[in-house]
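Under the heading Mg(2+) binding site, TrEMBL lists B:90, B:92, B:94. Under the heading Zn(2+) binding site, TrEMBL lists B:91, B:109, B:116. Under the heading domain 'Phosphoribosyl-AMP cyclohydrolase', TrEMBL lists B:43-118.
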């Protein structure tokens, strides 16, 4: 059972003060995580109702790992715990934004990099042009 | 037919220079769009292969509207065209990051606000605590 209510109408969803997440068919919302100090985009992940509740109540980022199909307390093994400085929800409540400060070595990506977004796609060129490392 | 290749292995996916997006069962990747000047998170949307190709080749943001089930040239009717300053892809290539500058009145959200993320969830409290407007 989700601990969250369902918005009764579009106005409640978009202009209300009740968190009523619109989980998708897999029970997930998208979560965008940025560095609270620099604003840099660190990662995009997913949350189910339980990870969202845990994140709110603990103030640390909990996700749902789709590959492992389990709750994922980010940093529990790596030490890269994400303390949530601010949490926001979008207009239609299917996306969450976490501004976090990262403990441990400050990293986020499983490849060892600070951010998961380390490659740049060239623009106004054919889409087959190679990616560049940032 | 997607104009994009499929990565042959995890190393090619994560460390390669070939854009090989991992579209989900609905043929979509998640797209995070931030303001190139301020770093503010503006919106989260989705792209199919065609909208991703159009975005790369035109340098303007094209999304896939799930509610209307059609290609969505952001700003075509509102004037809020998003010129892409930089496009990045994440480690496992299922998310795209656009840094954009917004034309027209500079808005993004269909509610008339600059960003879709205008409500804040209180933390370290029961998850039923009301949202605050930012």
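Yeah, the Cβs are placed from backbone N, Cα and C, and that goes for glycine too.
The shown structure was predicted, so the numbers you read here are calculated from the model rather than taken from an experiment.
For residue B:94 (Mg(2+) binding site) paired with residue B:116 (Zn(2+) binding site), the C-alpha to C-alpha distance reads 22 Å. A separation of roughly 24 Å, to the nearest angstrom, links the Cα atoms of residue B:109 (Zn(2+) binding site) and residue B:90 (Mg(2+) binding site). Within the model, the domain 'Phosphoribosyl-AMP cyclohydrolase' (B:43-118) carries an average pLDDT of 97.
DSSP labels the residues of the domain 'Phosphoribosyl-AMP cyclohydrolase' (B:43-118) in these numbers: 10 helix, 30 strand, 36 coil. For residue B:94 (Mg(2+) binding site), the number of other Cβ atoms no farther than 10 Å from its own Cβ, over all displayed protein chains, is 17. Counting neighbouring Cβ atoms within 10 Å of each of the binding-site residues (B:91, B:109, B:116), the lowest count belongs to B:109.
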